[in-house]
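Chemist: Got a structure here, written out as structure tokens. Questions coming.
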């Protein structure tokens, strides 16, 4: 048993495993974000102009009436490529840092490992995403700005230089770091809870279909909780990109405390919950097809008295 466990640990820290995780993250994040581009267009416009776009049904009606169906897919290339790159870094580096921190911090509890791993991965993931996000938000809210990435990148560079591509990096970190930390930790804890308290079986004793079902349930829970935590920074980010405010402090004053937590929250939950669920499902399905177990658990559980999932 020890030899089998040791062999599995070696496989889960191999270059091939991290490659699979990175590719799985790219495919799952890029495709799911592409699929919900119309909702994202509505969300960004609700954040920038909440009076005009004050609900999901009326917001869609206004966009369709004024701009047509094609407008709902503006920024699709930024969604596909930007969030694909971000997803590869987020998932691939999370697995790497989780193994690393489990080895160098053996006496810390698992929640600390999840927080540190997800935060470390997200820092690099957002640095990769930021240039794409800078173009995407402008394309979605400023009809005359550009059609997509090809003409959007040169325009930002001419008007703002390289700094324009990373103008929103700090608020992006403020949005995504709490989201990622809460999302990954909630996912891991949810997986453990489902196996121990609901199914009451070890992961390896469940079928692959059951394991993927657990992944979906834990993924939706993680996405919903993370959305609420990250909503204020998401609203501020849209305000900055559309020149509604010169800095974060001014944006917060303009939006108001209540608005930070409520503006566009319903549409964000509508978007993020299913998206995170599908991301985890596709991600774990790719891992299973590659011969690896589904996600959940650390390499070296700190509390040996409990079953590791």
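Quick reminder: no glycine exception, Cβ is built from N, Cα and C everywhere.
So Swiss-Prot has the following annotated:
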REPEAT    16-100  repeat 'Solcar 1'
REPEAT    109-193  repeat 'Solcar 2'
REPEAT    210-289  repeat 'Solcar 3'
TOPO_DOM  1-15  topological domain 'Mitochondrial intermembrane'
TOPO_DOM  37-74  topological domain 'Mitochondrial matrix'
TOPO_DOM  95-111  topological domain 'Mitochondrial intermembrane'
TOPO_DOM  133-167  topological domain 'Mitochondrial matrix'
TOPO_DOM  188-208  topological domain 'Mitochondrial intermembrane'
TOPO_DOM  230-268  topological domain 'Mitochondrial matrix'
TOPO_DOM  290-309  topological domain 'Mitochondrial intermembrane'
TRANSMEM  16-36  transmembrane segment
TRANSMEM  75-94  transmembrane segment
TRANSMEM  112-132  transmembrane segment
TRANSMEM  168-187  transmembrane segment
TRANSMEM  209-229  transmembrane segment
TRANSMEM  269-289  transmembrane segment
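Tell me about the setting of these features in this model.
Modeler: Across the repeat 'Solcar 2' (109-193), the model assigns an average pLDDT of 88.
Applying DSSP to the repeat 'Solcar 3' (210-289) sorts its residues as follows: 71 helix, 0 strand, 9 coil.
Only residues 6 or more beyond the boundaries of the topological domain 'Mitochondrial matrix' (230-268), in the same chain, are considered here, and those with a CB under 8 A from a CB of the stretch are 39, 42-44, 46-48, 50, 56, 59, 133-134, 137-138, 141-142, 167-168, 170-172, 174-176, 178-179, 182.
Nonlocal intrachain contacts for the transmembrane segment (16-36), taken as residues 6+ away from its ends with a CB within less than 8 angstroms of a stretch CB, comprise 76, 79-81, 83-92, 94-96, 271, 274-275, 278-283, 286-287, 290, 292.
Listed by sequence, the residues of this chain that lie at least six past the ends of the transmembrane segment (75-94) yet keep a Cβ under 8 A from its Cβ atoms are 18-19, 21-31, 33-34, 37, 40-41, 117-118, 120-122, 124-126, 128-129, 131-133, 135-137, 139-140, 148-149, 152, 180, 184, 279, 283.
Tertiary neighbourhood of the transmembrane segment (269-289): same-chain residues 20-21, 23-25, 27-29, 31-33, 36, 39-40, 43, 56, 87, 91, 183, 187, 208, 211-212, 215-216, 218-220, 222-224, 226-228, 295, selected by CB-CB distance under 8 Å and a gap of 6+ residues from either end.
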